[in-house]
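As recorded in Swiss-Prot:
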ACT_SITE  Cys11  active site, nucleophile
ACT_SITE  Cys83  active site, nucleophile
ACT_SITE  Cys90  active site, nucleophile
DISULFID  Cys11-Cys83  disulfide bond
DISULFID  Cys83-Cys90  disulfide bond
Amino acid sequence: MENKKTIYFLCTGNSCRSQMAEAWGKKYLGNAWNVFSAGIEAHGVNPNAVRAMKEVGIDISDQTSDVIDSDILNKADLIVTLCSHADSVCPTTPTHVNRVHWGFDDPAGKEWPEFQRVRDEIGARIKKFAETGE
């Protein structure tokens, strides 16, 4: 994983929020961070998440829906949980790994504007982190 830090975005199904976060992370943090995402379960990438990101010029059609990889988890410099479910049932993390929770609504099963809103909120939060480190 070179000399880059590693950030790991986690949510319940690695279908919507963490997929969008991975894409935004690669856009805003890719020069300094290895960016990964995963879920407690792997539900497949939601087609509306793909569509929402495509609308802002980011192609996530090749991203895969993955369950949490303990190797990445243990080597991560920062773990970001994106929903309360992942925050509460996330595997125990090593003490050297910084873990934060950035909660976002789950757009799965909702109307299209909800995907756009959540996409934009996640993008803004990751951009802020890229700019401020917080």
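Backbone N, Cα and C atoms are what each Cβ position is placed from, and that goes for glycine too.
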Look at each of the active-site residues, Cys11, Cys83, and point out the one with the fewest other Cβ atoms around it within 10 Å. Cys83
Spatial separation of Cys83 (active site, nucleophile) from Cys11 (active site, nucleophile) - C-alpha basis, Å: 6
Cys83 (active site, nucleophile): secondary structure state under DSSP, collapsed to three categories: coil
Kindly assign Cys11 (active site, nucleophile) to one of the three DSSP-derived states: helix, strand or coil. strand
